[in-house]
Amino acid sequence: MLLWASLLAFAPVCGQSAAAHKPVISVHPPWTTFFKGERVTLTCNGFQFYATEKTTWYHRHYWGEKLTLTPGNTLEVRESGLYRCQARGSPRSNPVRLLFSSDSLILQAPYSVFEGDTLVLRCHRRRKEKLTAVKYTWNGNILSISNKSWDLLIPQASSNNNGNYRCIGYGDENDVFRSNFKIIKIQELFPHPELKATDSQPTEGNSVNLSCETQLPPERSDTPLHFNFFRDGEVILSDWSTYPELQLPTVWRENSGSYWCGAETVRGNIHKHSPSLQIHVQRIPVSGVLLETQPSGGQAVEGEMLVLVCSVAEGTGDTTFSWHREDMQESLGRKTQRSLRAELELPAIRQSHAGGYYCTADNSYGPVQSMVLNVTVRETPGNRDGLVAAGATGGLLSALLLAVALLFHCWRRRKSGVGFLGDETRLPPAPGPGESSHSICPAQVELQSLYVDVHPKKGDLVYSEIQTTQLGEEEEANTSRTLLEDKDVSVVYSEVKTQHPDNSAGKISSKDEES
């Protein structure tokens, strides 16, 4: 129902304060025309009376003005003229004109009739002499003729009922009696309200108070009214309420438009609305765009998160933040929100992410760019050593597996040679003259690390050496001889290349070389 969250402000019906209200005279019986000799009671209303207070009455006739002081707030009168009353400290009331007539037929009407009231007109004959029929005219036109009721009732009176009224009475012997003319003017219950705003050109993010002001007449100051508020003729800002004020806690540029309010009686028979009021919400352009990082200073750690923070010093409304890298045309990210700052997270930063970054902010006046911030990426301590250690370990394990496979192969061949002695083709060739009768399989295998660089650069190698020695029958018994002293030594080199952190493929290459 509401475009944004609105709060109703509690306030009395707009108008004058109670101290400035005029007193109001009420008449009993409630007419303004009487026959001579009749008595009428006037009451001065509109303020609180105390026993010791008195009321001043003013009576103006053709001979002048007469003052009467009464101990209470009532006065009994029998003379024609204008009557006013005044209490201590109050202004004079509006005048009430009374007419005491000597005619045989009078038209009686109430002192005041307001729009929405029922207008009652009474055709009255002196001394209660009977009438057989009554005719009412309005501006010379016959309004009604009745032989049952001498009163005329006009419900829901309005200004359309203003005019000159008269009644004509008919007696038993076809006598005709004509009353005085009575001009009736229906009074306005309240004027069209006026919508007021604390600021018709507010800045975005501020509040605006709206008030729907109208004024009830003193005679009807106790009439309850309901109020509501609209925008652009359709958007309802509030339901009907007895409070004539509305607070808009926060306004934005889209809240600009034509505002108006309505006031009506509780019964809803009188409804009026105010002229429109244009409200233009002002937007402050963004300025002071700044790009920062978390961690601060543009110092990022490889593998960890980097947060790019884009902020503005000023600017209201929806702001679109966009992050960019100098060597890229496309935006890294974009966010639109009502705030002075926004964040973009880069989950795992890498060396390739180093470079110049900047951001822009735009709240419909065009993008404003920040200064370029240089982001550097440093390696995580221990990251390179870990890669080297892993590469070296992998190389050694590969060499060890190769040695085990070679021993197993020789064992299988030796076992096969025993079981097939009759097969000449499967026996090894006989040794030549002067040659020792050696086994073709090594008797001992030694794995030795030749070189490990704990701080390799890109392309560094890790070498491992596998030495195999073939022993004769005599030499097998002599275990004190070193492997490197044997002339028949087989050396296997294993080359392990380690990966530099920039190698995104994450591969470690290796190459075996036998000599």
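Cβ atoms are placed via backbone N, Cα and C, with glycine included.
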Of Asn147, Asn374, which one does Swiss-Prot label N-linked glycosylation site?
Asn374
With the ranges 5-10, 407-412, 449-454 to choose from, which does Swiss-Prot describe as motif 'ITIM motif 1'?
449-454
Motif 'ITIM motif 2' per Swiss-Prot sits at which of 95-100, 119-124, 131-136, 461-466?
461-466
Using the record from Swiss-Prot, pick out the residue from Cys261, Cys310 that is joined to Cys212 by a disulfide.
Cys261
Mind telling me which of the disulfide-bonded residues Cys44, Cys123, Cys261, Cys310 has the densest Cβ neighbourhood, counting other Cβ atoms within 10 Å?
Cys261
Let's see if you can do this one: DSSP helix, strand and coil counts over the domain 'Ig-like C2-type 3' (193-271), in that order.
6 helix, 35 strand, 38 coil
For Asn374 (N-linked glycosylation site), nearby residues of its own chain (Cβ under 8 Å, 6 or more apart in sequence):
Gly298, Gly355, Gly356, Tyr357
Given the model, what does the mean pLDDT over the motif 'ITIM motif 1' (449-454) come out as?
42
Nearest-integer angstrom distance between the alpha carbons (Cα) of Cys123 (disulfide bond) and Cys44 (disulfide bond):
28
